[in-house]
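Q: A single structure is presented below for examination.
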Amino acid sequence: MRFSTSALVLGAASTAVALDQQVLGGNESPFDSIKVAGQEWLSTFEEKFGKMTTEAKAVWDEITLLAPDAVESFKKNAIPPKPKPAHRKSDKKWDHVVKGADVQSMWVEKNGEKHRKIAGDLKNFNLRAKKVDPSALGIDKVKQYSGYLDDEENDKHLFYWFFESRNDPKNDPVVLWLNGGPGCSSLTGLFMELGPASVDKKLKIVNNEWSWNNNASVIFLDQPVNVGYSYSGSSVSNTVAAGKDVYALLSLFFHQFPEYSKQDFHIAGESYAGHYIPVFASEILSHEDRNINLKSVLIGNGLTDGLTQYGYYRPMACGEGGYPAVLDAGECQAMDNALPRCQSLINNCYESGSVWSCVPASIYCNNALIGPYQRTGQNVYDIRGKCEDSSNLCYSALGWISEYLNQDEVKEALGAEVDSYDSCNFDINRNFLFAGDWFQPFHRIVPKLLEKIPVLIYAGDADYICNWLGNRAWTEALEWPGQKGFNKAEVKSLAVGKGKEYGKVKSSGNFTFMQLYGAGHMVPMDQPEASSDFLNRWLGGEWVA
């Protein structure tokens with residue numbers, strides 16, 4: 001069995017989905033292999049991204065020789081996805097409809113000067129919301145809202161689901177949760193990790209006593225479009241474009257529900273959210289006149305600095321991450337041999353930002369450094385065991401969640417407008433890879449964030465795909481004024497009260513890194529009490545400078 005070079009799951013930059021692939025033979029030149037059946041791949045991409053340079057063509061030829069199966073997979077899948085079938089409900093079906101144009105037309109006077117009450121280009125966005133009857137689904141007894149952000153100009157519709165805090169919603173902070181992928185629904189985070197309930201194999205609701213909404217209100221957002229309950233006739237294929245949508249959603253949501261706009265607001269997420277969150281936070285902070293009280297960001301097992309992080313796949317797979325080796329000495333040496341070329345390709349992507357540099361880097365590096373581990377059948381999200389359910393990204397619960405969310409009564413209760421719900425949309429995953437988004441150096445945004453807000457990077461130590469070694473390494477390699485102080489900071493134990501140690505933390509200035517024991521890619525699922533503990537302590541300002 002051969003594997004694709006990209007397919008993330010649950011938000012991981014993984015190569016987890018098997019595709020039927022064949023190595024091209026015959027008399028074709030290497031570059032001729034990169035064609036979509038019935039159309040020229042090159043002409044399609046040059047129309048969108050500009051003409052390929054001679055240097056770029058040489059790189060593509062090289063990658064085709066080094067990773068022919070991976071390029072063949074690319075060829076087969078470089079086809080624009082079809083729109084997600086959906087049927088928009090009348091505005092009369094919703095309890096609230098907020099027009100972005102109306103919000104944008106609001107002006108206030110400050111120091112004798114008039115300016116917009118809420119900055120940003122909101123005129124093409126609208127927000128729809130409905131109050132969810134807690135008794136209808138039994139997820140939680142708290143106040144809930146669901147709905148869509150509509151980009152009317154581009155036919156994009158982002159689904160969200162809000163749960164009020166179980167504790168003190170008038171004063172508790174608000175958290176936006178984002179799963180990764182790119183292309184995985186944040187409702188998987190709701191039901192598998194940190195939401196108020198989970199779904200069992202009989203599709204029954206099971207209460208989560210360690211839900212993150214114990215002491216915070218939480219918004220779960222399906223983004224980018226065509227993920228989960230979100231849909232569009234067009235698509236988003238890069239993180240920056242997705243950031244504009246998220247800013248509009250939050251601006252209109254807090255306008256409609258001002259009772260939550262004064263509370264502290266935090267963005268949290270995992271995996272490819274390591275790309276999303278720096279960009280989304282930067283977009284929010286770029287608007288001086290805003291109704292979003294952003295106080296911090298949290299990234300769990302994220303992909304943020306690929307140049308640094310990809311250097312730690314071999315150590316993690318070969319017994320240097322705290323768990324037994326998965327690969328033999330020969331395979332480990334082959335990964336060591338592949339790393340310099342991988343890092344040179346990523347560095348070219350970092351410097352040029354061009355799709356012609358970034359896509360070959362993704363194809364080669366994923367094939368060389370993730371592929372060997374994946375072919376063992378070991379779970380890329382948890383090095384401690386095998387992938388038990390490959391049809392559901394190793395976790396049967398993902399299938400239960402999809403089945404539950406596809407029930408007509410559930411979709412009706414939430415106002416969902418799509419014909420079907422999918423936990424992960426691999427077309428989106430490929431779109432982001434094909435647009436060169438995978439290795440964009442968004443970690444370079446983090447120093448600017450640290451000037452204004454605290455940043456927490458946490459990592460379960462059993463994850464392979466976005467492992468703790470790589471996450472620790474990029475936090476220490478990050479160039480910012482507090483780098484020396486952070487790297488010399490004392491590493492302290494993490495424990496619930498006087499209980500058993502569940503991890504280690506290092507913090508200096510506005511920057512904090514946590515290693516969490518016995519947790520894979522999805523920390524709140526594997527260590528629910530520990531994740532609840534560090535979340536509440538973080539929101540309470542324990543590690544803030």
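Glycine is no exception: its Cβ is also placed from the backbone N, Cα and C atoms.
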Q: According to Swiss-Prot, N-linked glycosylation site sits on which of Asn27, Asn510?
A: Asn510
Q: Taking Cys342 as one end of a disulfide recorded in Swiss-Prot, give the other end from among Cys318, Cys332, Cys358, Cys365.
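A: Between Cys342 and one of Cys318, Cys332, Cys358, Cys365, Swiss-Prot records a disulfide, namely with Cys365.
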Q: Look at the disulfide annotations in Swiss-Prot and name the partner of Cys184 from this list: Cys394, Cys424.
A: Cys424
Q: Between Cys318, Cys349, which residue forms the disulfide that Swiss-Prot gives for Cys332?
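A: Record-based pairing for Cys332: Cys318.
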Q: For the disulfide involving Cys358, grab the partner from Cys349, Cys387 as Swiss-Prot records it.
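A: Checking Swiss-Prot, the candidate bonded to Cys358 through a disulfide is Cys349.
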Q: Taking Asn215, Ser271, Asn510 as the recorded positions to compare, which has the smallest set of other Cβ atoms within 10 Å?
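A: Checked Asn215, Ser271, Asn510; of these recorded positions, fewest Cβ neighbours within 10 Å: Asn215.
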Q: Among Cys332, Cys394, the disulfide-bonded residues in question, whose Cβ has the most other Cβ atoms within 10 Å in this structure?
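A: Selected residue: Cys394.
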Q: Within a 10 Å radius around the Cβ, which one of these disulfide-bonded residues has the most neighbouring Cβ atoms: Cys184, Cys318, Cys365, Cys387?
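A: When each Cβ's neighbours within 10 Å are tallied, Cys184 tops the list.
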Q: When you measure from the Cβ of His521 (active site), how many other Cβ atoms are you left with inside 10 Å?
A: 31
Q: Three-state secondary structure of Cys349 (disulfide bond) from DSSP?
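A: Reduced to three states, the DSSP call for Cys349 (disulfide bond) is helix.
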Q: Give me the Cα-Cα distance between Cys394 (disulfide bond) and Ser271 (active site), rounded to a whole Å.
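A: That comes out at 16 Å between the alpha carbons.
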Q: Whose Cβ, among the disulfide-bonded residues Cys342, Cys349, has more other Cβ atoms within 10 Å than any of the rest?
A: Cys349
Q: Can you tell me which of the recorded positions Asn215, Cys332, Cys365, Cys387, Asn510 is spatially closest to Cys184 (disulfide bond)? Compare CA atoms only.
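A: It is Cys387, whose Cα lies nearest.
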